[in-house]
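Asker: Just passing along the structure, written as structure tokens.
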Amino acid sequence: MNKEELLKKYEATSNEKAKDVFFSPGRINVIGEHTDYNGGHVFPAPISLGVYGVYGPRDDKKVRLYSGNVDGDIVEFDIDDTNVEKDEDRFWANYFKGMITYLREKYDGIDHGFNLYIEANLPSGSGLSSSAAIEMLMGIILKDEFNLDVDRVSLAKMGQRTENEFIGLNSGIMDQFACIMGKKNSAIFLDCNTLKYEYLPLALGDYEIIIMATNNPHTLADSAYNNRVAECGRALKKLQQKLDIKALGELDNDTFDEYSYLINDETEIKRARHAVSENQRTLRATQAMKDGDLEKLGRLINASHESLHYDYEVTGKELDTLAEASWKQPGVLGARMIGGGFGGSAIAIVKKSEAENFKKNVGKIYRDAVGYDASFYDAEIVDGTKRI
């Protein structure tokens with residue numbers, strides 16, 4: 001997206017010059033799905049699809065948000081206003097309001113409002129973490145404008161708090177961490193229990209990652225996402241009768257199998273089994289990445305999707321169609337759904353020489369199966385949220 005064009009759009013909506021332009025990336029997750037809130041490991045990376053913000057300070061306390069993706073969509077509120085926006089047309093402002101609220105709780109000096117023109121090139125409802133991108137965009141803008149002594153990990157935690165407490169979605173920290181801590185051409189191997197992390201180059205050689213958007217938007221807060229969190233929580237509590245653990249991510253597969261009888265509920269056993277096995281797959285996958293064993297990485301990615309389908313039950317027809325069609329194509333190492341599920345997106349690791357045929361073939365299979373088109377994007381891995 002052209003910076004000069006963004007500046008012109010800001011001036012057209014605010015009748016003044018902008019101060020700065022910022023970009024906050026969306027993210028993919030190579031493997032480690034629904035493990036972050038279970039104290040497990042994840043392996044995400046920020047992508048070139050994301051959210052742009054053109055910023056200008058005001059001399060009053062008004063915050064004026066203008067969305068370039070919905071023509072004329074403007075939300076205004078006072079910087080002291082900490083009320084959750086209930087109106088569906090204004091709900092997107094909550095991601096900004098939550099960050100403003102929690103930063104002002106901890107840091108003095110955020111004493112004036114601002115104008116912000118926002119435009120995203122993320123596919124709508126794609127599950128590529130536009131909400132976390134917005135939260136981290138707001139965090140970095142406020143840190144920059146008011147010279148706040150806040151580190152990026154703390155901003156990621158505030159973004160998670162915005163989701164959990166302000167929005168009401170019981171998500172983990174992976175999305176915010178990936179958006180703000182990203183490093184070009186690398187994925188982040190993150191322990192969500194300790195927040196220890198390691199950058200691993202996404203060295204795929206003759207292969208690339210292709211993002212496949214179902215174009216069936218997911219709405220996590222209105223879906224079964226919170227139910228999955230609760231089911232895992234109940235399973236953990238039952239396991240704690242015999243095991244000294246704080247999270248499902250502390251278990252290996254054998255220990256879980258030995259003590260799963262304590263759960264005594266088939267659905268909760270399935271949910272917990274995914275959380276445990278997916279964490280183990282993530283550990284093995286990152287080791288395969290270090291070893292340069294891309295075929296093993298691909299097999300683990302496929303197994304991740306199967307677990308998300310059978311044990312976690314968050315895939316659905318669209319995501320299953322994309323994954324299963326991908327598995328049948330030449331030059332594909334692995335494919336799986338990413339994000340919360342219930343729509344959204346999938347990824348595939350595809351040989352570069354087969355990429356165009358892959359998109360054509362999978363696209364046709366998908367359209368024939370569901371009745372509308374999927375969208376395909378090459379995943380370019382970029383730095384985390386920053387001024388541009």
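Glycine is treated like the rest: Cβ placed from N, Cα and C.
So Swiss-Prot has the following annotated:
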- ARG27: site 'Transition state stabilizer' (SITE)
- GLU33, HIS34, THR35, ASP36, TYR225: substrate binding site (BINDING)
- SER67, GLY125, SER126, GLY127, LEU128, SER129, SER130, SER131: ATP binding site (BINDING)
- SER131, GLU163: Mg(2+) binding site (BINDING)
- ASP175: active site, proton acceptor (ACT_SITE)
Asker: How big is the Cα-to-Cα gap, in Å, between ASP175 (active site, proton acceptor) and SER129 (ATP binding site)?
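Answerer: Each residue's Cα considered, ASP175 (active site, proton acceptor) and SER129 (ATP binding site) end up 6 Å apart.
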Asker: What are the non-local neighbours of ARG27 (site 'Transition state stabilizer'), defined as same-chain residues 6+ apart in sequence with CB under 8 A from its CB?
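Answerer: In sequence order, PRO44, ALA45, PRO46, ILE47, LEU128, SER129, ALA132, ALA133, MET174, ASP175, ALA178, CYS179, GLY182 meet the Cβ cut-off.
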Asker: Write down the Cα-Cα distance for THR35 (substrate binding site) and GLY127 (ATP binding site), rounded and given in Å.
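Answerer: Spelling it out, the Cα of GLY127 (ATP binding site) and the Cα of THR35 (substrate binding site) are 16 Å apart.
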Asker: Using a 10 Å cut-off between Cα atoms, which of these binding-site residues sit near SER131 (ATP binding site): GLU33, THR35, ASP36, TYR225?
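Answerer: Cα within 10 Å of SER131 (ATP binding site): none.
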Asker: Please identify, among the binding-site residues GLY125, SER126, SER130, GLU163, the one with the smallest Cα-Cα distance to THR35 (substrate binding site).
Answerer: GLU163
Asker: Nearest of the binding-site residues to ASP36 (substrate binding site) by CA-CA distance, picking from SER67, GLY125, SER126, SER130, GLU163?
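Answerer: Nearest listed residue in space: GLU163.
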Asker: Measuring Cα to Cα across GLU33, HIS34, THR35, ASP36, TYR225, which the record gives as the substrate binders, how far apart are the two most distant ones in Å?
Answerer: 13
Asker: Can you figure out which of GLU33, HIS34, TYR225 (the binding-site residues) comes closest in space to SER67 (ATP binding site), comparing Cα atoms?
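Answerer: Closest candidate to SER67 (ATP binding site), judged by Cα separation, is TYR225.
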